[in-house]
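Student: Structure provided below as structure tokens; questions to follow.
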Amino acid sequence: MKKKEQKQRRLWRVPWFILLICFVQIALHFVANACLQKLLIYQPESEYWRYFTYMLLHADTCHLSLNICLQLFVGCCLELEQGHCRLSLIYLLGGLCGSLAHSWLQPELLLLGGSAGVYAMMSSHIPHLVLNFHHLSYRYARILSLMILFSTDMGLTIYHFHYHLNRNPRISLEAHLGGGISGLLGGFVIYRRVASLKTYF
């Protein structure tokens with residue numbers, strides 16, 4: 001009986017949500033036609049699924065590859081430690097808040113890409129570290145990695161704005177900011193202390 005329980009726990013300790021999101025994003029990038037892309041891309045209308053489905057689409061292979069790498073790097077350890085449901089809630093909350101912020105500040109522009117969800121996961125590391133600082137392994141390395149990642153992204157964004165005037169591609173700072181704030185605040189509500197978790201659901 002114990003062996004069966006251990007096997008089930010090992011199975012659920014795979015970051016299924018992150019892997020599924022990455023798989024769907026890659027698949028849609030290569031198989032979705034213009035009609036399907038038009039159906040999923042974010043436009044502030046009465047079709048409410050667009051508040052989430054825009055995260056499945058990407059402008060080009062470079063955009064897709066960057067977000068896939070960030071999702072795997074930022075999200076895998078969070079999902080293993082906080083569970084599938086909590087991490088998925090943070091990701092989807094980031095997508096929703098990112099699209100709402102974008103539609104409020106830039107309603108005339110289309111939106112696509114998983115960056116809002118990535119920023120939500122990235123900023124949710126802060127409440128995760130606060131709640132579980134003494135229980136986490138490599139905690140100082142995590143803090144350093146997050147600081148390097150955030151600084152690099154900020155540097156590239158400033159470079160893009162200064163030299164390319166935020167064109168080709170246009171970076172939606174509104175979606176990034178909305179996702180980041182939602183992950184930071186939502187993490188304190190959704191996340192739990194790792195030591196008190198009995199399952200990874």
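Glycine is no exception: its Cβ is also placed from the backbone N, Cα and C atoms.
Unlike curated entries, TrEMBL annotations are predicted automatically.
As listed in TrEMBL for this protein:
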TRANSMEM  12-31  transmembrane segment
DOMAIN    46-192  domain 'Peptidase S54 rhomboid'
TRANSMEM  51-75  transmembrane segment
TRANSMEM  87-105  transmembrane segment
TRANSMEM  111-131  transmembrane segment
TRANSMEM  143-161  transmembrane segment
TRANSMEM  173-191  transmembrane segment
Student: For the transmembrane segment (12-31) and the transmembrane segment (87-105), decide whether they are in contact, meaning at least 3 CB pairs lie under 8 A, counting pairs 6 or more apart in sequence.
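Tutor: Yes; at least 3 Cβ pairs under 8 Å.
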Student: Helix, strand, coil residue numbers for the domain 'Peptidase S54 rhomboid' (46-192) per DSSP?
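Tutor: Helix (H, G, I), strand (E, B), coil: 116 helix, 1 strand, 30 coil.
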